[in-house]
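Below you'll find the structure, written out as structure tokens, and then a few comments.
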Amino acid sequence: MFPEKFLWGVAQSGFQFEMGDKLRRNIDTNTDWWHWVRDKTNIEKGLVSGDLPEEGINNYELYEKDHEIARKLGLNAYRIGIEWSRIFPWPTTFIDVDYSYNESYNLIEDVKITKDTLEELDEIANKREVAYYRSVINSLRSKGFKVIVNLNHFTLPYWLHDPIEARERALTNKRNGWVNPRTVIEFAKYAAYIAYKFGDIVDMWSTFNEPMVVVELGYLAPYSGFPPGVLNPEAAKLAILHMINAHALAYRQIKKFDTEKADKDSKEPAEVGIIYNNIGVAYPKDPNDSKDVKAAENDNFFHSGLFFEAIHKGKLNIEFDGETFIDAPYLKGNDWIGVNYYTREVVTYQEPMFPSIPLITFKGVQGYGYACRPGTLSKDDRPVSDIGWELYPEGMYDSIVEAHKYGVPVYVTENGIADSKDILRPYYIASHIKMTEKAFEDGYEVKGYFHWALTDNFEWALGFRMRFGLYEVNLITKERIPREKSVSIFREIVANNGVTKKIEEELLRG
């Protein structure tokens, strides 16, 4: 069982949940993903579903209802995202700031953002959206929820990233997202402004959600359905470095401009972390084959170690080989790690795929982890979800243990399953929380568990087909319909601060 102050919550993002109002007053056309999912070429090639986010669940108008549903589940925490493109639908690039540049490694060591800068930003910010997000956060706080605010969940403002043009011009356009160092500077401005406007009601911040997904699927997997859909390892390297750099700058800006405790029991006014997936959950196909073992080690370092060594130790693996590090103390700064866990990876060795990224000597094995056929059994005879992800709860334990190596508090910030018929979800929830308990009992403290998700939502390139919600959503009426078995199981676990013997006997034994 978990302690009394353990955080039980749900997680959501902006783009996936907000849109769907009948009159289309609250759509956000100023984001790269808005343009990406409706691109004719993407739809014709089957890279995206053709579903459109403006047909979505309308959390923008129905947030009070969703908060009340969460309260009745017994939850005490809620993770939300703020959409950069809603706050700044227009460019902030003309607002000048001084910055120091490390010419040896093309990284920005510091950005000088002042109160005058914030006042300039305030003049062009969308006040309606600032007021909206304050209303959302205050709604949560009034119901007793601890709020985590995440600043970036895959999307970028369209004025920074035109993914169609980036693809067609092979990233030579100016609006080329994380390949461009100006995105780093603009992110620092955005983070400073959000801390300035919301610091009085927020104490827990995350800079990014799963930054390596943006990099790997956008620049190394052109058929993934993620923008900009190019194969360019040099661009991938730049994007990784720039997102590490952006985290570090945002960390310092949030600390600088959020100086007020929102909650009396908070450790400090601003606890700034990062939400991350695939932490230490790559396993060798053959544990007795030294090459497969090394492939798994490289996979784990590429997906999490590369980022974490930089932001926790100030050590940057500039050659992307897992061995050659430079001292970059200006990149150091992170207060907590959010573990997002869904399934494992099983990998085998292959010769380096890209000469400029020596770490990529791993190849996923079909039939395990993320690489399964939906609705079947994996090669390990484990159930597989609607999205084709194997149920492997042991990976939750391993991911928590790996995250603990960096000496900061750990939270489970996403965990869930695409299961439209609610057949596998009850077992999934119970088994993964049980593994979280096991980690806690073994001395690896976990401070919270956030389920993905309260409701069905827009699953990026896959649209509305993948149903992750504890509550089904009718996309016509927007009605929230409980998936009774899972809702009951989760409510009972939350009420008892852990998996009860009754649930264990019903779902986890035999």
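Each Cβ is built from the backbone N, Cα and C atoms, and glycine gets one as well.
Look at Swiss-Prot and you will find E210 tagged as active site, proton donor, backed by sequence analysis. A coil conformation is recorded for E210 (active site, proton donor) in the three-state DSSP classification, outside any helix or strand.
E414 (active site, nucleophile) is surrounded by 26 other CB atoms, counting those within 10 A of its CB over all protein chains shown. The active site, nucleophile annotation in Swiss-Prot covers E414.
Put simply, E210 (active site, proton donor) is 11 Å from E414 (active site, nucleophile) when counted between their Cα atoms. For E210 (active site, proton donor), the count of additional Cβ atoms within 10 Å of its Cβ stands at 22 [all protein chains shown].
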